[in-house]
Every structure is written in C-alpha cells, then in structure tokens.
Amino acid sequence: MKAGIYFVCLCVLSNIIVVSAILDVIVGAVAYITDRLFQKDDLLEPFDYERLKTDLKDSLYGQHIASEVVLKAVSGFMTDKHPSKPLVLSFHGSTGVGKNHVSNIIARNIFTKGENSEHVHVFISEHHFPLKEQVETYKFQLKQWIRGNVSSFPRSMFIFDVMDKMNPGLIDAIKPFLDHYSHVDGVSYREAIFIFLSNAGESVIEKVVLDSWRDGEKREQLQMNSRDMETKIFKDVFNANSSGFWHSTLIDAHLIDHFIPFLPLEYRHVRQCVLAEMAALNITANDGFVDRVAQNLPYFPPEEKILSVKGCKTVKQKLLVHI
Ligand SMILES: Nc1ncnc2c1ncn2[C@@H]1O[C@H](COP(=O)(O)OP(=O)(O)OP(=O)(O)O)[C@@H](O)[C@H]1O
C-alpha cells in the first residue's frame, strides 16, 4: 500500500518536471522568435544630435576635422526622411588615430547594441577576402550578404577595414549599392551606411600637420581644405597603386560622400588616451604616472618627436605594463 502511494507520487512529480521542462522550452522558443521577429533587443536608437556631438567631444581626442565632418554628415543623413543614396564615408589616416573608434561611436548612436549589433557588419580585407584567385566568389558572397541584410534591415551598417588592401574588383562589385538608384533588384540601399577605413593618404596628412606645426600654426586651425589637404588625399588615394581604390571606379563615380582625414596624434592626445584607459580600468594615479606611460610610446619625426607613431593604439598595453 505504502509502496503504491510512493509510486503514484513519484509519477505525478516526474510528470510535473517533464511538463515544466516542456513549458520552459516553449516559453524560451516563443521569446526567441518574438525577439527575432521584432528585434526587441537589437533596436535603432532614436537619433540624437546632441548625444553624438557630446560623444565625439568627450571621447575623441585631437580629431577636430573628423569630429565636425562626421557630426554633420551622420546627423544630416539620419534626419533625412528621403535620402537619395546611402551614406558613404571614407576615413583616412595612420594607425591608432581613431578610425575604428569613430565607427564605433557612430554605431552606438544608431543601434542600441552599438558595434555589437547584428546590423553592423565589419569586413577586414585580409581576413575575409585573402585569396586573389577567389575574387569572383568573394564578389558573389559579398553582394549576397549586403543584399540579404539590407532587404531585411534597411538601416544596416557596413564597415570595410584595411580598404587599402581590398581588391579593386571587389570594391567595384559594391558600387551599385552606393549609387543613387531607388532600388537595385528590388532592394533600396538608401538608408544603409558604408564606412571605408584605410591608411591611404596618411603621408599627405602627416606632411600637412608637420608643415603647419613648423609654420607655427595651431593644429585646431587646420581645416579640411587647408593646404589643399582634401584634394591631395583624394589624389593620393586615387593614384597610389598600393591603395585598394586604385583602378576602382568608385572614386570616379563620386560615390564617396566624404574623405575624412584623421590627423596623427600629439603627446597631449596620447595622455588623454592614457587617462581614458585608466578611468575605464578604475585606476587612479598621479600626473607623473600618466606621463611615464605616454612617454613610453614612440614619437616622430626623429628631431622634433611631436607625433605619436602608433597613435593611441598600444596605450592600454603600456598602461598594464606600468601597473
Ligand atoms: N583620437 C582618438 N581619441 C580617443 N581614443 C583614441 C583615438 N585614437 C585611438 N584611440 C584609442 O585607441 C584605440 C585604437 O584606435 P583605433 O582602432 O580607432 O585606430 P585606427 O585609426 O582604426 O587604427 P588602424 O589603422 O591601425 O586600424 C581605440 O580603441 C581608442 O581607444
């Protein structure tokens, strides 16, 4: 009799466990499907001009030209209800000066998940398209990827890093998406954002900065068209056969809205990067410590040593060593 009661209880208990496990699975599946359907956790941020302005002002050092052009270009595009083409920006400058950093700032002002959003797609030439002989396959895959993503989410963002190493054929393959067409094969690309990052033009930018410094001008006086910088970058990017844009029809067709120069960073900007990293890591220290870390990075030209060779790229590593 007792054994019978135990047996019945056991059966009821195991049924409850099975039923609750099945319910858990169903609830989880429904949540997943509704999340995917309504992209609940990966939404667009309501665009806020002041927020982007503050983000650029507070966390981007020594890049007054990039800051101003990015703010105008992105806010103009995001508030335009009927853009005639996607936004296409090309960031130029040496290593560690903030090109990826600004792409992330833009992403954080557009998507709730920022650069981690599934609508932000990053392509690194040498990683995603390494083999020359596979260029036709890459072209097909890239076009399919962009088409698929924009058709399901028009406000998608595509970042092409190390653009200088990208095969020109591949660049030309994406050209129709960047143009003024209302639709390409039934898909409109007008809400999408394309950002190209490259070191192309770095020597031109460095020369302009050094010449102006030697002439006693303030860095902040430099503008996009100072000393013909924009035209020189344009020519350099277009003509250098080391640049991925070389022989590409993208520039010819004037589909890039802005060529944005990122200036090489000075000692004072590297210091700001050290302070920002320290704040992120919750480290407090005196000025002497900050200087020791900043001085540990190499500077050029050899005589004046005013510009950081690696920008802020290895600041975190240097900081960790000093701790
Ligand atoms: N101008 C800057 N203002 C603030 N932080 C910066 C700046 N430049 C670089 N940093 C910091 O250094 C890190 C590396 O910079 P970032 O990846 O943006 O360089 P990059 O210009 O894209 O270099 P690369 O050409 O090598 O890809 C950033 O994550 C950021 O923390």
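Placed from the backbone N, Cα and C atoms, the Cβ positions cover glycine too.
Taken from TrEMBL as is:
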- 7-33: transmembrane segment (TRANSMEM)
- Gly93, Ser94, Thr95, Gly96, Val97, Gly98, Lys99, Asn100: ATP binding site (BINDING)
- 265-319: domain 'Torsin-1A C-terminal' (DOMAIN)
Binding-site residues compared (Gly93, Thr95, Gly98, Lys99) - the one with the fewest other Cβ atoms within 10 Å: Thr95
Nonlocal neighbours by CB distance (under 8 Å) for Val97 (ATP binding site), same chain, sequence gap 6 or more: Gly62, Gln63, Phe262, Leu263, Pro264, Leu265, Gly311, Cys312
The domain 'Torsin-1A C-terminal' (265-319), counted residue by residue under DSSP: helix, strand, coil: 28 helix, 5 strand, 22 coil
Residue among the binding-site residues Ser94, Asn100 whose Cβ has the most other Cβ atoms within 10 Å: Ser94
Three-class DSSP secondary structure - Gly93 (ATP binding site): coil
CB within-chain contacts under 8 A for Gly96 (ATP binding site), separation at least 6: Leu265, Ser308, Lys310, Gly311, Cys312, Lys313, Thr314
